[in-house]
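I have placed the structure first, in the form of structure tokens, so that the comments after it can refer back to it.
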Amino acid sequence: MASLIRRTLLLRTFCRAKRFTCHSQYVHQESAGAERMSNSSKESNETHFGFQTVKESEKADKVYEVFEEVAQSYDKMNDAMSFGIHRLWKDIFVDRLAPSKPCKILDVAGGTGDIAFRIAKYLRNSDGGGITVCDINQAMLDVGRKRASELGFSGMEWLQGNAECLSSIADNTYDSYTIAFGIRNVTHIDKALKEAYRVLKPGGQFMCLEFSQVQNENLRWLYDQYSFQAIPVMGQLIAGQWKAYQYLVESIRQFPNQEEFAGMIERAGFAFVRHENLTFGVVAIHCGHKL
């Protein structure tokens, strides 16, 4: 009975915030197209790398190469591509996370430290203790470590690891799991979500910031024109990397829309799943809890 009351109170609290769209844990309309794509991929052991079709065993290496190539210019390109708006998205993301002391937080695909540093500042945590940054790419982690040293965050932990298999992390370890602009790059999103669920403590919070689908058709057309015509050119001029940023814009279009991704989060076991669109749905914040 106590458990039922607790769940009811939590549900009321989460759904009261109108900025979020809430999803039932038990009722969700799935996209037939997404299901067919998933089934086809499983049967053929192939997946997408942008608009290319590649073997599942190859995708992780290809993504690794992309981020190894752009690591040094990653933050500069984020500023250029989004006209600095990514900073506001990340600020809002950490504000929605609303961490409180004492807590243990795992930031996955967080190599350069953008989210981790914001969390530490939000907590007024002078050395970043209690925050672990995990990334599959060592070059990205190296950039993050250097930035952390410059900012004085000596207490952060830096871990090279794959979001789909966090084998070095025990069950029920963290209070919060964050991932920003990273989950669309994994080969098996469902496996990454299940690992997130596993490493969280009961009551722990999953938070994801990711590119999503612009809701308005006219704005979506404009956004597509900018993405495909301008971003790869900027990648070449600023970072010397056309193909890496062509992959970026293609990978965004391959990622499930807001409702489809919410359904995946629910199927991983999370409760009280909800999302909030930012900038007309260019990105979305997704949240769920482990009961």
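Glycine is no exception: its Cβ is also placed from the backbone N, Cα and C atoms.
As the structure is a computational prediction, the values presented were derived from the model and not from experiment.
Some features that TrEMBL has for this protein:
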type	residues	note
BINDING	Thr112, Asp135, Asn162, Ala163	S-adenosyl-L-methionine binding site
Could you tally the C-beta atoms, other than its own, that fall within 10 angstroms of the C-beta of Asn162 (S-adenosyl-L-methionine binding site)?
18
Using only the residues recorded as binding S-adenosyl-L-methionine (Thr112, Asp135, Asn162, Ala163), report the maximum Cα-Cα distance in Å, whole number please.
16
Under 8 Å between C-beta atoms and at least six apart in sequence, can you list the same-chain neighbours of Thr112 (S-adenosyl-L-methionine binding site), or say none if there are none?
Ala71, Tyr74, Asp75, Met140, Val143, Gly144, Arg147
Most Cβ neighbours within 10 Å: which of the binding-site residues Asp135, Ala163 is it?
Asp135
